[in-house]
Amino acid sequence: MTSISSIAVLGGGAWGTALAQTAARAGRAVTLWEHDATNAQQLQSARESLYLPGVTLEPAIKVTRDLAEAARADAILLVVPAQVLRQVVTSLAPLIGAQTPLIACAKGIEHGTHKFMTEIIAEAAPNALPAILSGPSFAADVARGLPTAVTIAAADAAVAQALAQAMNCGSFRPYHSTDVRGVELGGATKNVMAIAAGIVEGRKLGASALAAMTTRGFVELVRFGTAYGARIETMHGLSGLGDLTMCCSTPQSRNFSFGMALGRGESVATAAHGKLAEGAFTAPVLLEMARAKHVEMPISEAVAAILEGQTTVDAAIGALLTRPLKAE
């Protein structure tokens, strides 16, 4: 694949802005597309996102609300929520050139279809090259230029390598992979485990319980991933264990902070605080997919039951602790 000189980022939220900053620091010409008029105005006039205050856009970043303008880039980062990805790609598809890499930067599974992000891209834009970017990374850290490592996966190794090279800068190190499914599974599954870890923290059950929850959550992640064809080394890498470790340890993670609120006794609606916790959408889908493959995922079951109002936090914790003893 030829080198990538221009990158478009669709989505001017915190993560989209951070990735636009990174691409600009890597020497690419960057177009940042924002659908929301208020945030687009803020990005254009103040050179700052409403969702990432205090971070000034790099001079190389051009802000636009014209999707056709963004579609002219050599590669496009799709930094929109998982549940609206299909809508965005469907609008984008007629505007892009053949074999344009479209990189999903959301971690989730589509409701109703059980499709992963790259599968949605392949269906909605069949002439594009689907890819996924995932790993332990908070927008604020990336935007500030703090050291971060992620994984970029595509079916074609040359495409994955070219994308990693295009996004590589002094503080942002992308590893490349061809295990697309493994990278996607890790990102989606850890969201649910982060909610569980947050519940433990919010309930003040202690560091020992949090370590146990995170470790057993990783066991579920590996079980689920291997059942759906992920490579074991991917599960142990940045997009699996790395992302899980980060998101199960800090309120910077929306899923962890959402779980903390549930652990403190807040309702699901109140705990959301108007912010997206992708794990809340993913949990029931993940559970359906696990059952289809006869994969045992008790932590995921507990999270889904809490979210659906089928059990209380204390009852779910009690059920996990009274499961039959077994070999590790």
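Just so you know, glycine gets a Cβ as well, placed from its N, Cα and C.
According to Swiss-Prot, the feature active site, proton acceptor maps to Lys190, an assignment based on sequence analysis. Among the features that Swiss-Prot reports, NADPH binding site is placed at Trp15, His35, Tyr51, Lys107, Ala139, Arg254, Leu276, Glu278, with the record citing sequence analysis. Positions annotated as sn-glycerol 3-phosphate binding site by Swiss-Prot, on the basis of sequence analysis: Lys107, Gly135, Ser137, Lys190, Asp243, Ser253, Arg254, Asn255.
Recorded features from Swiss-Prot, shown on the structure.
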residue	record	CB count, 10 Å
Trp15	NADPH binding site	24
Tyr51	NADPH binding site	18
Lys107	NADPH binding site	27
Ser137	sn-glycerol 3-phosphate binding site	23
Ala139	NADPH binding site	21
Lys190	active site, proton acceptor	32
Asp243	sn-glycerol 3-phosphate binding site	28
Arg254	NADPH binding site	21
Asn255	sn-glycerol 3-phosphate binding site	27
Glu278	NADPH binding site	23
Which of these recorded positions is closest to Asn255 (sn-glycerol 3-phosphate binding site) if you go by CA atoms: Trp15, His35, Tyr51, Ala139, Lys190? Lys190
Give the three-state DSSP assignment (helix, strand or coil) for Ser253 (sn-glycerol 3-phosphate binding site). coil
Distance from His35 (NADPH binding site) back to Asp243 (sn-glycerol 3-phosphate binding site), taken between C-alpha atoms, in Å: 28
Cβ-Cβ neighbours of Ser253 (sn-glycerol 3-phosphate binding site) (radius 10 Å): 25
Between the Cα atoms of Tyr51 (NADPH binding site) and Lys190 (active site, proton acceptor), find the distance and write it as a whole number of Å. 23
Lys107, Gly135, Ser137, Lys190, Asp243, Ser253, Arg254, Asn255 bind sn-glycerol 3-phosphate per the record; greatest CA separation between any two, in Å, is 15
To see if you understand the setup: which same-chain residues, six or more apart in sequence, place their Cβ under 8 Å from that of Gly135 (sn-glycerol 3-phosphate binding site)? Thr148, Ala149, Val150, Thr151, Gly187, Leu238, Ser239, Gly242, Asp243
Within 10 Å of the Cβ of His35 (NADPH binding site), how many other Cβ atoms can you find? Include all protein chains, please. 15
Distance [Cα-Cα, Å, rounded] between Trp15 (NADPH binding site) and Ser137 (sn-glycerol 3-phosphate binding site): 9
